[in-house]
Structures are given as structure tokens and as C-alpha cells.
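Novice: The structure under discussion is supplied below as C-alpha cells; questions concerning it will follow.
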Amino acid sequence: MIFPIFFTFFLLLSSSHASVQDFCVADYKAPDGPAGYSCKKPAKVTVDDFVYSGLGIAGNTTNIIKAAVTTAFAAQFPGVNGLGISLARLDLAPGGVIPFHTHPGASEVLLVIQGTIIAGFVASDNTPYLKTLKKGDIMVFPQGLLHFQVNGGGTPALAFPSFSSPSPGLQILDFALFKNDLATELIAQTTFLDAAQIKKLKGALGGTN
């Protein structure tokens, strides 16, 4: 009898803030913290807080990775604050790529709407999981694991990733290594890459030193 009571108590403690009340629309005028944005006063909440139209427009893919990600996270879509969910739009031009990256705060589910996308992730034991996805396919990427998406065809690809957090976070591996002022010699020592190649990548991605 003690275990069911303890388990129920644990579930209550681990529930999101929004489950204690109906919702917690983000108040952008108040400071945000590790737990997310403060809640807007219910009297100031409107239906527009629960509607976001930003994902209906294709992103600009004229960049070095030929890709664009448009996000509907808590920072852009106040209604998802505290609900444990968010969404984004992924546009991949032919040859486009989303390099290896992680979302420290969320798992991801990718739904392909148009085109062909080669997607995969690497587990913590270094096992790769790779699949060519077509229209209607979905793939899950567990929280915190390195993963990527590449346009696998000659036409634009469109997908919608969803996340298990209103603020999933993002760290792109290439940017972490080469879009900063970390010394080239130190990167070479820790990655076993050639210094000339590191300097080339820093130049391409905006890093220095």
C-alpha cells in the first residue's frame, strides 16, 4: 500500500507547472529562468497567446548549410510555456544539411512533409542509427544525443520537428568547435584534426585564432 501512495506522490511532484493550473502563458516582461518564463496574469491572457502563425512561411536557405529552422519555442510562442512541448519548421534546399547537434533539454520527433531526408543519431555507445525518410515518415531522436538531417534528394525538403520541452536548447557540434576563439592548437590536440583544416573551418564559420 505504501508504494502506490509514494508513486502517486512522486507523479504529483514531477508534474509540469501548467498541470497545477490550466496553463502558464509566458510573460515576456518578466525575467525568465531555468524553469522557464513567469506566468502572465490570467486576466491578461488572450486567445492569440495560444496561436502561432510563423511556421507557414519557408525559411531562408541561402546560407552555408542551405537550411533554415523556424522555431515555435516558448521564446516565440508564449502559449507553450510550461506545457512540455514545442514545434519547429525545417527547410532543406538541395544539398542542405543540419550538422551534428544536440538538444540538451528535449527529445525530438521529426515528421517529413516533403522531399527526402537522410536522418540519424549516434547513441552513447557510439552506435549510429541512420534512415532515409520520405513523406509521411517520422523519426525520434532521444534527448541529448548527437543527430543530423541531410537533404537526400534533388528537390527542397520540408519537415516539422516537435520537442518534449518548450525550450529544448541547441548546440551544433561544428559551431561549438569552430565558431569561437578557442585556440587552433588546442582544438588540434583534442580532436586530432590538422591545424590547417581547423583554420579553414574557423574561417568558414566565423571563428578566430
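Residue numbering: from 1, along the chain as shown.
Glycine too: its Cβ is placed from the backbone N, Cα and C atoms.
Small disclaimer: the values here were computed from a predicted structure and weren't measured.
The Mn(2+) binding site annotation in TrEMBL covers H101, H103, E108, H147. Residues or ranges marked as oxalate binding site in TrEMBL: H103, E108. Taken from TrEMBL, the feature disulfide bond applies to C24-C39. What TrEMBL lists as domain 'Cupin type-1' is 53-199. Under the heading signal peptide, TrEMBL lists 1-18.
Describe the structural context of each listed feature in the structure shown, including burial, neighbouring residues and relevant distances.
Specialist: Around H103 (Mn(2+) binding site), taking its Cβ as the centre, 22 other Cβ atoms fall within 10 Å, counting all chains.
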Novice: Please average pLDDT over the domain 'Cupin type-1' (53-199) for the predicted structure.
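Specialist: Averaged over the domain 'Cupin type-1' (53-199), the predicted model reaches a pLDDT of 97.
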Novice: If you count other Cβ atoms within 10 Å of each one's Cβ, which of the disulfide-bonded residues C24, C39 has the most?
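Specialist: Counting Cβ neighbours within 10 Å, the top one is C24.
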Novice: How big is the gap, in Å, between the Cα of C24 (disulfide bond) and that of H147 (Mn(2+) binding site), rounded to a whole number?
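Specialist: Approximately 31 Å lies between the Cα of C24 (disulfide bond) and that of H147 (Mn(2+) binding site).
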Novice: With an 8 Å cut-off on Cβ distance to the H101, H103, E108, H147 Cβ center, who else from the chain surrounds the Mn(2+) site?
Specialist: T102, F121, F141, L145, L146, P161, P168, L170
Novice: Give me the Cα-Cα distance between E108 (Mn(2+) binding site) and C39 (disulfide bond), rounded to a whole Å.
Specialist: 25
